[in-house]
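Everything on this sheet refers to the single structure shown next.
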């Protein structure tokens with residue numbers, strides 16, 4: 001069968017297969033000229049209808065000569081259709097019905113005008129009216145002025161993001177109770193500064209131009225000047241007036257009623273009552289509600305103290321106070337370790353990023369500054385509490401970032417984060433270490449940061465440090481400091497923290513030292529007079545009244561409801577005979593004598609470090625450098641000198657290592673507990689690690705040599721219940737802050753630190769959220785040595801901290817400043833020198849406790865249980881009960897959480 005041949009080209013509308021016309025048809029010029037020259041004729045002129053006019057061919061007309069013709073379209077004649085009513089009377093036989101129905105009936109027909117004469121005026125009014133867009137059924141339902149330019153955005157009335165009337169809703173801000181919120185907009189301040197700079201620069205340019213023009217002989221007229229009137233005398237409106245005000249201008253902004261702010265329900269379900277209270281406090285501080293109440297109270301107190309004071313002076317002082325504290329929307333979260341400061345700050349940050357009293361978010365960006373070891377921990381916490389893919393942070397740990405791939409440098413990532421605005425902000429939270437931020441702070445210039453969280457904020461204790469200066473230069477009015485120990489050494493450090501979070505709150509540094517620091521310290525001294533004590537207490541009360549509005553402090557006692565019991569012990573250890581002999585030789589050496597006499601060139605810190613190392617183990621010393629005559633030392637014959645190749649550690653020459661060896665053996669053989677061993681010296685960790693290898697104990701170690709990326713993996717491996725490692729060696733300097741080691745329920749701190757905050761941070765690693773077992777914590781202190789002097793100094797600092805932060809005014813004045821200078825004296829005839837300084841009335845002369853304290857206060861060891869060597873047998877800890885058979889422990893303080 002032959003196949004049908006398809007056409008070589010498709011049909012083009014002219015005909016199937018017909019070639020289209022290639023040459024256009026010529027224009028008939030003559031026809032166009034005739035049409036244009038022809039006189040105009042009114043198409044609807046009133047004329048009489050002729051007898052044959054207007055007739056339309058009917059069906060009968062289509063029959064000619066007995067045959068039917070092809071039907072044609074009806075022929076219509078328009079002449080005579082527009083007639084008067086009088087002329088419309090004619091014989092119905094002459095005009096068919098179809099002619100009557102084809103009469104003109106539009107708006108201009110004479111027939112309709114004859115029926116309604118008022119129609120003409122309506123037509124004229126319609127033609128003269130201004131043109132409008134012919135939209136059928138359009139009704140203007142708004143009162144906005146119709147101006148040139150883009151269509152204005154209609155701002156809807158704000159509404160709360162979450163239902164405040166829900167049964168489990170946690171309302172942070174209620175406008176009916178808290179009043180209107182004064183939001184400090186830093187972006188407007190920057191715009192004002194930029195506009196001032198632009199105005200100043202333009203004025204300078206104008207002055208330069210005027211000087212140039214004055215020097216010329218013929219002054220030229222300024223070109224491009226905006227004339228006040230147009231040529232017709234009408235005022236020449238500027239373009240801004242023609243286009244209307246900007247929708248972001250202050251005059252054009254609509255003032256809506258504030259709406260409640262509610263915590264996200266997914267966070268409200270997991271927050272504990274004390275954490276809800278903390279989030280409320282943080283929100284009121286960073287939104288200015290607390291500052292507003294404080295300024296109102298200050299103004300009221302100023303007027304009520306001296307009614308006769310002139311109004312101008314009172315107004316000046318009030319304005320000065322308000323100016324100093326304008327925009328200082330910060331606070332200090334000083335909860336003790338383990339109370340969930342991280343979760344509370346995440347709830348605050350998430351609320352500010354999502355909600356506000358006007359229905360939109362209050363902040364666009366947030367910076368979290370923390371130690372380098374906690375950068376990844378913060379990122380994990382965000383995912384843990386908010387859920388995956390909810391909020392993507394930019395975590396910068398100093399070497400690489402999570403932005404822009406592997407080729408992006410840290411500086412480029414921070415710069416890109418700072419430049420992002422509006423919808424380009426895909427990672428609103430920057431998590432960065434203190435060191436990295438200090439090096440790259442220039443990248444954050446002109447960047448408006450809504451909130452700054454300074455974790456472990458006691459790093460800002462020095463107001464003159466580079467870290468403090470770098471963070472203070474960032475444009476951020478809302479600053480929150482997280483620190484479990486705000487007072488570490490003195491009130492000056494406390495002032496530095498408050499001046500960072502709330503600049504101007506306590507005046508200048510000199511004013512703070514004069515008004516608060518000096519009177520309080522004089523009153524706290526054991527040798528203070530009654531007048532100094534009274535003045536110190538008055539200033540302490542005044543300081544506490546001010547700072548209590550901007551600092552929140554809760555103790556670990558709250559955790560008793562949620563965590564297992566904690567048993568904390570301060571173990572006073574007797575030195576071994578070899579340690580005692582070497583210690584006496586060191587304190588009698590020429591180096592130590594120079595330190596005691598204050599001779600120039602002496603090194604007190606070096607001498608203190610040598611004595612502290614000896615208290616741990618003699619192998620930590622270098623005998624050649626640290627003893628005057630090494631040959632006079634009477635060392636045992638079997639003693640292995642430092643640097644020997646012996647595989648074992650001679651624990652019998654160190655009391656601390658002897659106790660540690662017995663502790664580890666009991667834990668390994670009688671329980672499934674895990675233990676954390678912490679020291680300030682990596683050399684001590686080396687000896688412990690050597691002992692663990694010899695005993696075949698599986699252990700992991702975290703110190704300053706480990707990279708930041710590997711630390712969190714190591715912590716996760718140790719916390720795994722199925723893991724084989726039961727010993728975690730930790731350097732207090734490298735990982736004492738923020739690391740959660742809840743896989744272990746026992747902890748030993750081998751040596752004390754001068755700073756009580758460092759020890760408190762280290763001791764809080766195991767008793768935290770997620771802990772399932774009872775915790776046992778031990779602090780080793782060598783009896784009668786420099787370590788006990790350090791512990792006494794810590795007690796004085798903790799006493800100072802409790803007075804200012806915890807508002808405990810009844811802490812006993814324990815030590816004189818002169819007693820703390822006697823560091824290099826060893827007390828041979830004591831079981832616990834610290835206990836003797838307490839003058840404890842609950843114990844007899846042998847140190848046996850006769851009655852317990854009414855209540856135990858964690859920061860006050862005078863209220864703890866006091867255990868002499870015989871009392872160890874009755875403790876509920878099987879490790880300490882076993883030590884009753886040995887003479888290494890002379891005394892112990894015991895704290896029980898609940």
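Cβ atoms are placed via backbone N, Cα and C, with glycine included.
Listed in Swiss-Prot for this protein:
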- 335, 336, 337, 338, 339, 340, 341, 342: ATP binding site (BINDING)
- 188-220: compositional bias 'Basic and acidic residues' (COMPBIAS)
- 306-315: compositional bias 'Basic and acidic residues' (COMPBIAS)
- 322-504: domain 'Helicase ATP-binding' (DOMAIN)
- 659-812: domain 'Helicase C-terminal' (DOMAIN)
- 1-22: region 'Disordered' (REGION)
- 188-238: region 'Disordered' (REGION)
- 302-321: region 'Disordered' (REGION)
- 21-25: motif 'Nuclear localization signal' (MOTIF)
- 41-45: motif 'Nuclear localization signal' (MOTIF)
- 455-458: motif 'DEGH box' (MOTIF)
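The helix, strand and coil residue counts that DSSP assigns across the motif 'Nuclear localization signal' (21-25) are 0 helix, 0 strand, 5 coil. Sequence-distant contacts of residue 342 (ATP binding site), defined by Cβ-Cβ distance under 8 angstroms and a gap of at least six in the same chain, are 378, 381, 455, 482. The most densely surrounded of the binding-site residues 337, 339, judged by C-beta neighbours within 10 angstroms, is 339. Listed in chain order, the residues near the ATP site other than 335, 336, 337, 338, 339, 340, 341, 342 are 484, each with its Cβ within 8 Å of the site Cβ centroid. Its Cβ taken as reference, residue 336 (ATP binding site) is surrounded by 20 other Cβ atoms within 10 Å in the chains shown. Per DSSP, the secondary structure of the motif 'DEGH box' (455-458) breaks down as 2 helix, 1 strand, 1 coil. When secondary structure is read from DSSP and collapsed to three states, residue 341 (ATP binding site) falls in the helix class. The number of other Cβ atoms within 10 Å of the Cβ belonging to residue 338 (ATP binding site), over all protein chains shown, comes to 21.
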